[in-house]
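Presented below is the structure to which this report refers.
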Amino acid sequence: MLIDIAVNITDKLLAKDESSVEEVIRRCKDSKVLPIFTGLDHQTSKICINLAKKYKTVSTAGIHPTSSSRYSNIDEIVPLVNDETVVAIGECGLDYDRLEFADKVSQKRIFRSQLDLGGSCYFFHSRSCHRDFMEIVSDYRIRGVVHSFTGSIEEARELIKKGLFIGINGCSVKTLEGIEIVRSLPLESLLIETDSPYCKIRRSYAGFEYVTTDFSQQKALKKKNEPCCVVQMAEVVSNATGKDYDLVVETILDNTIGLYGDVLKKSVERWGL
């Protein structure tokens, strides 16, 4: 089985209504994939928690950096991060590519506030901000994953040295440099994701040549990304590095459960995958 650590289940492009969510979950189970739902703010975190309870999976809860300007504090989030289905605080961090949504000051303030909660695990967003990101997290003893990684090999190694995992998806293997980064990093430092409905491994991406499972014949998956497609990321890691596929799956599964702990482990058992 596989675990997709980043599923934007509240995004209408992924599932526009309740029946669409049911279909996404059905395809997950058919593909033996457990989805972790991603909270982006107070409202989406609440929805993710409720859906996680309904479908016996888990979620994150937090404030995405681009939502930072809408919050003067994080009081609304605190009860949510303590919910029994929440495995990590996040999505939180910094995003300097989209400062039109929230300035650097707001992002840093809300980021630090979430780190001050002292969570057991964090689901991080870091985009074009590595130096500031590292400066902030260096003040904390944390465990977590930097998801949708598109930085340099030097940045990845610095994050790993801090004790963080690297989350990779289609955007991570868009270029030949991205493939080389995947080859260079220890398998024990990787988690995989779709960030669905985004970050699909497109035909124009360098990573596409390492994909063996074709979802294009399924109408629902022709254009969008879904958590069931995370199998393609496992294939890219295996085929690009020359490592045995079963070893890749087993190692990344161990990494994921090791990071998220008993709450995720129990969810895996409930799904019976």
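Here the Cβ of each residue, glycine as well, is placed from N, Cα and C on the backbone.
Sequence annotations record features per position, and here Swiss-Prot assigns divalent metal cation 1 binding site to Glu91, Asp195 based on similarity to another entry. For Glu91 (divalent metal cation 1 binding site), applying a Cβ distance below 8 Å and a minimum sequence separation of six or more within one chain yields Thr38, Gly39, Leu40, Thr60, Gly62, His64, Phe123, Phe124, His125, His147. A strand conformation is recorded for Glu91 (divalent metal cation 1 binding site) in the three-state DSSP classification.
Annotation comment: Swiss-Prot describes Glu91, His125, His147 as divalent metal cation 2 binding site, evidence class similarity to another entry.
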- [ ] May I have the list of same-chain residues other than Glu91, His125, His147 whose Cβ is within 8 Å of the Cβ centroid of the recorded divalent metal cation 2 site, in sequence order?
- [x] Ala6, Thr38, His64, Gly90, Cys92, Gly93, Phe123, Phe124, Ser126, Val146, Ser148, Gly167
Open item on the list: Tell me the coarse DSSP state (helix, strand, coil) of His125 (divalent metal cation 2 binding site).
Closed with: strand
Task: Number of other Cβ atoms within 10 Å of the Cβ of Asp195 (divalent metal cation 1 binding site) across all protein chains - done: 26
